[in-house]
Amino acid sequence: MMSLNLVLTPFTVFLCRILCRIFASAQIHCKTPGIVQPCLFHSASACSGFTVKSVMEHKLYRPPPEVRGMTSLDKNAFTQTITVPALRVPTVVLNKVMKSLKKATIQRPGVSRVVQDKEGNSDFRLILLDPNRMSSSSCFSDAEAEALRSFSVSDELHNFELKLTYDNLKTEEVLEAVLPEGQDVTSGFSRVGHIAHMNLRDHQLLYKNLIGQVIMDKTPGITCVVNKTNTIDSTYRNFKMEVLAGEENMVAKVKENGVTYEFDFSRVYWNPRLSTEHERVVQLVKRGDTMFDVFAGVGPFTIPAARRGANIFANDLNPESYRWLQHNGRLNKVESRVRTFNLDGREFIRGPLKQDLPALVKGGAGVHVVMNLPALALEFLDAFRGLLKNEPPCDLNLPTVYCYGFSKDEDPGADMVKRASSSLGFPLENKSTVHFVRNVAPNKDMMCIRFTLPKEVLFCKNDELQEPSEEPASKKQKCEESNHSK
């Protein structure tokens, strides 16, 4: 190998960068798409000179090419031996030198950065360095070079033959090596306790068991990997899944915002990406308030709100969710504050909610109605029309509604207001706020509309309010109790 030590002028540095880009681009097109190949020249900012290096040396961070297309995991096939630079350091100053060279040492899963001296001398150790950064002693930074001098350590680099195995590779490296070239590689998943939940695409299904095994091997605490096989059922909000790797134990234990939950993940709905939203809404609930959780699931709104001292009416149509909702109430010792129901959402609104609401609207504590069924919740708002039509109108303490929905509209906020207004039969423009929760798919957002339930809706004696016009904000609602309108 030939090294050329040059005095780099600004023009030379510029030229090196241009050549780097040209060679890198050429390698990307002729080698493996999707894997960024290191350029042939070291950056002038990293070394005072540059060294022409063999492209083969950069296979350090790539598994052997023969694993391409593997569908059944053969861990031994990933084994390879590579040459890395090493620094020979006296044992007495080893710890001090290690602290000074943190950024220069090799960083690989399961690879020790300190190994025995090749000559077997117990007075010395070898520190393994990052071959992508350290090609010669001139690549040490000024601070690193000064530290070596202060500890009387020679900056001469030695070659060390390092054996890399499957255990030393990262998840994405293994999957990029196995899956077909030119196709996207998915290593992301949602974690639910000991379960990793994936949504594999069609082109990945041939490799699904291998992918599951790699995810489980590389993620501490994961003992089961599952793949969703259909979309969420709108009735019970669960989905079919298949086990890709590991045990078939679907009963998960998770902790969210300091609260512990247990449930059968295969039979209920749970989304770890909603923890921030759960906390946001629960923070608005005060001690002594009442919450009606219309689609409670296993309790991510119910349980923390009860822990804050609120009184909860929690409902879910799914018998399994209902069972685990009760279990989580006992698990968190809040069962005395939570009344549970196994009803359809409309039945719950027109039953338990209707029964207790008249007294609550006359009280002083806050009343909250949470409707987290984004696929359908907006359609359930019509259940509030004339709900208290036989009660004396009262607007002292009207409930605050938090209703979730999906929107593919260019203006999802306006879309949520329009659809909620249509379902209520009452315009909510300038009477509501819309909060972005998360993006669930390209051009599909999950939103939460928050509003005070209008007395014109609750106490109207008409069974059906008139539908809002195309411009609902300007429409005047007619109600027999119009003298009590806001």
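Just so you know, glycine gets a Cβ as well, placed from its N, Cα and C.
From a predicted model like this one, the values you see are computed outputs, not experimental measurements.
Annotation source TrEMBL lists S-adenosyl-L-methionine binding site at H278, D316, L317, D344, G345, N372. Its Cβ placed at the centre, D344 (S-adenosyl-L-methionine binding site) has 17 other Cβ atoms within 10 Å.
What TrEMBL records for 472-486 is compositional bias 'Basic and acidic residues'.
Residues annotated as domain 'SAM-dependent methyltransferase TRM5/TYW2-type' in TrEMBL: 189-455.
Annotation comment: TrEMBL describes 466-486 as region 'Disordered'.
Annotation comment: TrEMBL describes 1-26 as signal peptide.
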**Study point:** Other CB atoms, at most 10 A from the CB of L317 (S-adenosyl-L-methionine binding site)
**Key:** 20
Check your understanding: So what's the mean pLDDT when you look at the domain 'SAM-dependent methyltransferase TRM5/TYW2-type' (189-455)?
Key -> 94
Exercise for review: Tell me the Cβ neighbour count for D316 (S-adenosyl-L-methionine binding site), meaning other Cβ atoms within 10 Å of its Cβ, over all protein chains shown.
Suggested key: 31
Practice item. Determine the C-alpha span of the S-adenosyl-L-methionine site listed in the record, that is the greatest distance between any two of H278, D316, L317, D344, G345, N372, in Å to the nearest whole number. Key: 22
Point to revise | Nonlocal residues around H278 (S-adenosyl-L-methionine binding site), in sequence order (Cβ under 8 Å, 6 or more apart) | key: E256, N257, P300, F301, P304
Review point. CB neighbours of G345 (S-adenosyl-L-methionine binding site) within 10 A?
Key: 20
